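Written out below as structure tokens is the structure these notes cover.
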């Protein structure tokens, strides 16, 4: 057998082993979730509730201490707040779901204001890409649970605040137990399935839900399920198509925008707890960070035939929200599978077999991302230009060569698959492939010095 054939066989076997391992990991994760769901359904309720699922034990305080008076003096002198407002806050419990760009400032201001008990829900770990907006985390806590990292920072700010960490994802089988013991819930997540899950659970448990979102330079804020106001399903009875949803990991966000919305989520929670001001129920606050303009608009009232919060709801228990929305309940990379493996290239195959030969390498990321980092000889043609064929004039001569391999790359190997499908329809006789895993795979498998963002 020739050396080249041996190399090809070894590469193919490595690829098959990697695919089998990935499939095994996926099956094992599914089995763990099924085991968890089965054990939850068959065990008595008191056994199901573990340490981080138990309702917070909030002591009832009837007066302020000298430390309270000194610490909170600037808000105690507010006529609409006063001693009674501070006591309500001290006796309250707030659940913050998501300790990211929104949850960090929200938790910080609630702890600083004297909220008696905070629950922190986040399954994720701290990483460097968090620091520009997730202000409770620090360099020395990289790899730590975000909930635990936030707890450390909050206790440094206010050691009198009781903090309970729920370092797990919310699922239909655990959400009710976690949420039940809190007075107010803050939705600081970045995905649609969790928004539906939180809204439905809060309706069932009669909890106000303070919902915030931020993307690029814009932010939004409202309060659901409060004072006979609408729930999330009243406004969005049908989830958006998955391809229309962008999170901050893909679309980007300015840290000060998440800070603005997160701080205002804390403000709305305080207003709900204390009973002061005009709560943003039935209204949507829209923040345009580019112009510095806040707008306040009316949203539709409670829907009489809402499947969740109407007098005769069709939904009486929590459902599979990932299936309902057609997307994952996480902002982590969820690889698309538009092409089969043999229609694509691993980064190792590209480096060994194609990179040194004449070929056309097209990077389909937006120009702003291309400027951050790029592979040698890559040509930037954003996906939108691929789809509208505006790239044809730029690359016409190269595309006329049917023998010239065309390789497409993006950040994670998702958009490049869409581009491959489009180019194959346009140039059916050309060799067109994309890089599996994109630039992230290049860093992980070929060049560790190549930056990840």
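Each residue's number is its place along the chain shown, starting with 1.
Backbone N, Cα and C atoms are what each Cβ position is placed from, and that goes for glycine too.
Summary of the site annotation: Swiss-Prot records ATP binding at 101, 129, 130, 131, 132, 133, 146, 190, 191. Screening the candidates 122, 140 against this entry identifies 122 as the one listed for that site.
Within the set 62, 189, 260, Swiss-Prot records phosphothreonine at 62. For residue 131 (ATP binding site), the number of other Cβ atoms no farther than 10 Å from its own Cβ, over all displayed protein chains, is 14.
As a summary of secondary structure, the domain 'Rhodanese' (355-451) carries 38 helix, 14 strand, 45 coil according to DSSP. Residues 199, 203, 225, 230, 232, 233, 302, 303, 307, 308, 310 surround the recorded Zn(2+) site, their Cβ atoms falling within 8 Å of the Cβ centroid of 231, 234, 306, 309, which are themselves excluded. Binding-site extent for ATP: residues 101, 122, 129, 130, 131, 132, 133, 146, 190, 191, maximum pairwise Cα distance 20 Å (rounded to the nearest whole number).
This prediction places the mean pLDDT of the domain 'Rhodanese' (355-451) at 94.
Residue 190 (ATP binding site) has 234 as its nearest neighbour among the recorded positions 62, 234, 306, 309, going by CA to CA distance.
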